[in-house]
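The compositional bias 'Polar residues' annotation in TrEMBL covers 409-419. Per TrEMBL, the feature compositional bias 'Basic residues' maps to 425-437. Under the heading domain 'Exoribonuclease phosphorolytic', TrEMBL lists 32-164, 190-254. Marked as region 'Disordered' by TrEMBL: 371-437.
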Amino acid sequence: MREPPLSNCERRFLLRAVREGKRLDGRQCYDYRNVRISFGPDRGCCVVELGRTRWVLGQVSCELVPPKPNRATEGILFFNLELSPMAAPGFEPGRQSELLVKLNRLIERCLRNSKCIDTESLCVVAGEKVWQIRVDLHLLNHDGNIIDAASIAAIVALCHFRRPDVSVQGEEVTVYSPEERDPVPLSIHHMPICISFAFFQQGTYLLVDPSEREERVMDGLLVIAMNKHREICTIQSSGGIMLLKDQVLRCSKITAVKVAEITELIQKALENDQKVRKEGGKFGFAESIPNQKITAFKMESAAVDTNNVEEQAEEIITKADPPSEVFATPILHTPGTAQIGEGIESSWGDLEESEREEEGESDAAAFECQRMETEDTSTISKAKDEPIVLSDSEEEEVVILEPQEVPNKTRTQTTLKQENTSKKAFNKRRRKKRAAR
């Protein structure tokens with residue numbers, strides 16, 4: 001399914017907002033969306049939320065494999081990024097689009113080529129067995145700036161991951177379980193993080209951390225990967241725009257500030273998770289969901305004081321107002337009956353004023369129909385008594401015609417229908433008002 005294009009009105013609105021220094025989510029031009037990090041129950045599993053762009057990082061796996069022939073003493077890093085239709089309808093499953101290939105290459109350059117992980121520490125037996133670290137990234141919801149969220153999720157997962165400990169005795173390699181020996185963290189030198197910049201009108205206007213709609217109207221994109229030591233790990237420009245040296249320097253200064261803030265956030269999140277795991281507290285995705293929301297799994301219990309309950313109940317009863325009508329003795333309307341309820345007279349059969357008016361109108365209509373019926377009957381009886389005589393002067397023959405017997409009730413079909421309709425409507429209104437009581 002192809003992604004629906006933006007209309008001309010939306011495009012003009014977004015470009016006008018950029019010119020005026022406004023954004024749809026209320027941010028300023030250089031503001032970054034809130035980053036939230038939560039960890040799963042297993043090591044190397046985390047969720048990174050960048051606004052509404054949510055990345056879930058699957059379990060970082062590792063296995064012993066033969067090394068590459070040209071790098072016999074180095075481990076292997078493998079990154080796999082998946083864009084599913086669950087994140088956006090424009091992503092097709094099982095097909096590597098041009099965007100997916102570009103993102104995978106950029107992540108590999110950012111994390112692997114920058115030597116942020118010591119791959120030589122992943123070697124177990126030179127030329128025979130090394131650790132292969134695989135990082136799987138899955139996009140849950142796409143709201144723009146995929147590469148920034150992917151880089152943060154990948155480096156957080158690698159810092160959180162622990163590989164099994166191994167020992168080598170001669171040619172025998174022993175892999176220990178977490179119960180036998182504590183897992184070993186990866187050797188990470190620095191944390192490269194990508195920051196994206198969107199340019200509009202051939203570089204005249206600049207936005208940091210573009211959203212999905214802003215990406216669709218931008219002219220070019222600049223991605224800078226940097227660590228907290230202000231070392232540029234990789235830089236990539238796309239869109240075919242020409243950038244000046246001053247523009248690139250300004251973007252690099254902004255990147256240094258944003259990377260320092262995100263790195264501090266990552267370190268705090270890792271320390272808090274490590275502290276909770278050591279203390280034996282609860283951890284995982286369920287614990288990261290905030291309380292007091294519909295999606296919460298639990299709520300804090302409220303303290304209830306159960307002391308002196310009877311005294312408090314008596315005070316409430318004494319302070320309460322008495323009922324409006326109290327009947328001390330039962331009211332017996334007729335001998336052989338008993339009281340049910342409060343003894344108030346039943347008003348079930350009573351009619352309201354509107355019902356009385358409608359009943360009077362229906363009685364008048366019935367009386368009019370009865371009067372017309374009697375008039376028709378009298379007319380027919382007169383016709384019975386007087387025979388109809390037809391005479392012909394030429395032939396002088398007299399023919400006496402006797403009228404046929406007419407039933408007593410000779411209402412017309414229209415009158416019957418009107419009467420039935422009025423009665424049905426009256427009964428229906430009466431039932432509705434009784435039910436409303």
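Cβ atoms are placed via backbone N, Cα and C, with glycine included.
All annotation found in TrEMBL is predicted automatically rather than curated by experts.
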*Which residue counts does DSSP give the compositional bias 'Basic residues' (425-437) for helix, strand and coil?*
12 helix, 0 strand, 1 coil
*Within the domain 'Exoribonuclease phosphorolytic' (32-164), residues counted as helix, strand or coil by DSSP*: 33 helix, 48 strand, 52 coil
*List the helix, strand and coil residue totals of the domain 'Exoribonuclease phosphorolytic' (190-254) as derived from DSSP.*
16 helix, 26 strand, 23 coil
